[in-house]
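Participant: Quick one: the structure is below, and I'll ask about it shortly.
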Amino acid sequence: MSNQGAFDGAANVESGSRVFVYEVVGMRQNEETDQTNYPIRKSGSVFIRVPYNRMNQEMQRITRLGGKIVSIQTVSALQQLNGRTTIATVTDASSEIAKSEGNGKATPVKTDSGAKGFAKPPAEEQLKKKDNKGNTMTQAKAKHADVPVNLYRPNAPFIGKVISNEPLVKEGGIGIVQHIKFDLTGGNLKYIEGQSIGIIPPGVDKNGKPEKLRLYSIASTRHGDDVDDKTISLCVRQLEYKHPESGETVYGVCSTYLTHIEPGSEVKITGPVGKEMLLPDDPEANVIMLATGTGIAPMRTYLWRMFKDAERAANPEYQFKGFSWLVFGVPTTPNILYKEELEEIQQKYPDNFRLTYAISREQKNPQGGRMYIQDRVAEHADELWQLIKNEKTHTYICGLRGMEEGIDAALSAAAAKEGVTWSDYQKDLKKAGRWHVETY
């Protein structure tokens, strides 16, 4: 859907303001039509700087990728933000945006300062939230000053070595998903739970240029799978789809590279990046996790930090005492990634961890259709709503973007029973830093 009214207004600004900034929401990758167009997708708004002579073309591209333009401003109008917004400069659309693979992350884009990375939030701002009765309150958004970001950049990546590459999908499952562990010895690649790293695959793209990096959610805690501060792990699905014109099977460049990589191979790694999905420091926090497929990666890091014996021993300052609930959507039982780990935690900590599966090709929803994660959320919406109202509760959503609408609908129904408008309440949760989303 094009925003023609916004375009007409932008065209009549003062002479000399010939570069505009689009604020776009909902931008996504469409597997049927846009696999080769390098779309971007990250939670929240995307800000794209567009020359006047490319405005119409860029609008069409945004619409094709499922995006919605919510505002158009001149660059000078945004200078008041003082670096709080990440802006992608559009020259050739495909050259500035990297293809999303794996768990759907997008390459960081250039900011006005020329540095690559994610937008920096203000140090602290007073934000509205709701108490248990739905009343408006305020709280200061949490600071993340000590979070490591961009320790290694694309022009000088860290060279890691593959230690192991293990299959996660059991016999009879669908697709290829691998758990890949890298050796970080000799470097200074520090990270924390909820962040991502970039992988630069070898070779060149269709234009003969070096392949761009792809971002993947980290699947290990800050101490690594061996709890020795020497490794980092990823959970990667091989991207596979049918070309919309030829019908041929096409495989993702970076995901195929990673899922088939041999132990001992060297890999170019950048980052870490990201502050959207960080786990709260409060050991008494409640954590709701809604994940599909490889969206389990950050959830695994949270659960290991909370419950694994070696992790608890390594983190005496963080002994989780809250309540966590994972709702995990997969197509078949063999596709339940890290199944043994998850169920071991559930058995050992039944009062602190609840595990719920939505297995779409094996279970039915109340209407007789497939049981997707949004159906499970609807089934438990009243319980989830009561938990979300607790000011210590953080909610994390990672995986397929399609689940968001159903999740919102379910929670809207639950909130409406108490006279609360979910969309308004959700905005307050986001401002308070208690609603975290990474979908694709």
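Going from the start of the chain as shown, residues are counted 1 onward.
Note: Cβ is positioned from N, Cα and C throughout, glycine not excepted.
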Participant: Where Swiss-Prot shows R214, L215, Y216, S217, C235, V236, R237, Y241, V253, C254, S255 binding FAD, which of T185, T270, T292, T294 is named for the same site?
Facilitator: T294
Participant: Between the binding-site residues Y216, V253, S255, which lies closest to T294 (NADP(+) binding site), Cα to Cα?
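Facilitator: Nearest in space to T294 (NADP(+) binding site), counting only the binding-site residues, is Y216.
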Participant: How does the domain 'FAD-binding FR-type' (155-279) divide up by DSSP, counting helix, then strand, then coil residues?
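Facilitator: Its residues fall into 7 helix, 51 strand, 67 coil.
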Participant: Tell me whether I373 (NADP(+) binding site) sits in a helix, a strand or coil according to DSSP.
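Facilitator: Its secondary structure by DSSP: helix.
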Participant: Relative to the Cα of S217 (NADP(+) binding site), which of the binding-site residues C235, R237, V253, S255 have a Cα no more than 10 Å away?
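Facilitator: C235, listed in sequence order.
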